[in-house]
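K.L.:
Pasting a structure below so you can have a look.
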Amino acid sequence: MTSLLVIIVLVLLAVALWQLTKIFDLTQVGSNVDSSEVATDKDNDIQGYLMFGFLAFIYIFTIYGLFTWGPLVLHTPASAHGGEIDFLMNITWVLIFIVQAITQVLLHYFAFKYRGKQGQKALFFADNNKLEAIWSVIPAVVLAGLILYGLYAWTNIMFIDEDEDTVVVELYAQQFKWTARVAGEDNVLGKANVRYIEGVNTLGVDLADPYAQDDIVVSELHIPKGKKIHFKIRSQDVLHSAYMPHFRAQMNCVPGMVTEFAFEPIYTTSEYRELPYMIEKVANINAIRTKKSAALVAKGETALDPYTFDYLLLCNKICGSSHYNMQMKIVVDTPEDYKAWLKEQTVLAEQVKAAATPAPVEGAMEADSLKVKETAATSKVVMK
Ligand SMILES: [Cu+2]
């Protein structure tokens with residue numbers, strides 16, 4: 001509602017301004033003002049210098065942006081291949097900066113130099129093969145180099161050695177949450193199909209498949225440091241994108257097929273939290289939160305929790321209304337901690353069995369009625 005009012009006010013302001021200029025034009029009628037629509041030398045000079053003004057604006061804004069928002073970029077990559085992606089990204093940035101610096105100066109300088117002058121005629125200049133060859137060949141060579149290097153890096157990153165000792169994990173995307181399935185001791189994921197989705201078996205794992213017996217389904221994923229994690233990615237409904245920015249990993253999730261990505265984490269969560277840049281970043285975020293909390297508490301609301309860093313799996317494809325909130329926490333453990341975590345988990349097959357066994361009648365009744373209430377509450381929230 002407020003935004004509608006703001007838009008109406010803005011439109012009315014624009015109309016008022018337009019009417020004012022009309023009145024101003026009317027007041028000029030009859031006075032000794034040049035009303036010709038042809039540009040004079042003075043007009044052309046002003047336009048020429050404005051070109052330099054705009055050039056200065058581009059550079060000042062670029063430098064300002066670099067200093068103001070530069071530190072917000074992702075810093076140290078948390079995966080073995082991450083450095084390669086960052087290098088490719090940095091080369092691309094440097095090239096863009098060089099090309100932009102040269103071409104913008106030339107563009108604006110020539111617009112100034114050849115600004116209109118009374119009595120000056122344009123020179124007819126058909127073509128210049130040498131010049132055209134230069135500005136075609138240089139970009140072609142540079143771009144071909146960049147693309148070839150990119151292809152080389154991508155092939156390197158995407159190569160998964162089937163014989164290598166990896167940890168196989170399934171990432172399952174649906175509107176609007178992630179679920180992970182760890183392949184368990186045999187390190188092979190059991191077959192899955194939407195037709196098997198029922199009750200706690202939300203991923204549709206085929207429990208008749210021997211490989212599925214030790215599969216573990218979790219909503220917070222733990223992975224070990226120093227070992228390649230082989231992700232097999234599925235989607236239940238629409239296109240999603242599995243995005244793990246700190247690991248420089250992203251792969252589309254396509255309904256009806258399995259896509260893959262693999263990387264090796266090189267920092268545990270607690271190691272990454274201790275990186276100097278992360279300590280500074282978290283301190284900055286918490287300074288902002290403390291300020292906001294003070295304002296909230298003054299209004300009688302609850303204060304914000306302090307922020308601690310965690311790796312996240314996000315969705316990077318706009319997949320619906322709650323896309324922004326589609327995320328899963330990823331914890332990178334030391335191999336020992338990972339083993340301990342794995343031991344604590346209950347395999348899906350057992351969860352399904354437990355859900356199928358009827359609980360004592362009284363408790364079950366209570367739990368059921370609670371569930372109904374919960375669903376009613378949830379659907380209300382969704383309806384809003
Ligand atoms: Cu999504």
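Note: Cβ is positioned from N, Cα and C throughout, glycine not excepted.
Feature table excerpt (TrEMBL):
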TRANSMEM  6-27  transmembrane segment
TRANSMEM  48-67  transmembrane segment
DOMAIN    66-161  domain 'Cytochrome oxidase subunit II transmembrane region profile'
TRANSMEM  87-112  transmembrane segment
TRANSMEM  133-154  transmembrane segment
DOMAIN    164-344  domain 'Cytochrome oxidase subunit II copper A binding'
K.L.:
Could you give me three numbers for the domain 'Cytochrome oxidase subunit II transmembrane region profile' (66-161), the DSSP helix, strand and coil residue counts?
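P.N.:
Residue counts in helix, strand and coil order: 69 helix, 1 strand, 26 coil.
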K.L.:
Cβ under 8 Å, sequence separation of at least 6 from the ends of the transmembrane segment (48-67): give me the contacting residues as numbers and ranges.
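P.N.:
The answer is 100, 104-105, 108, 111-112, 115.
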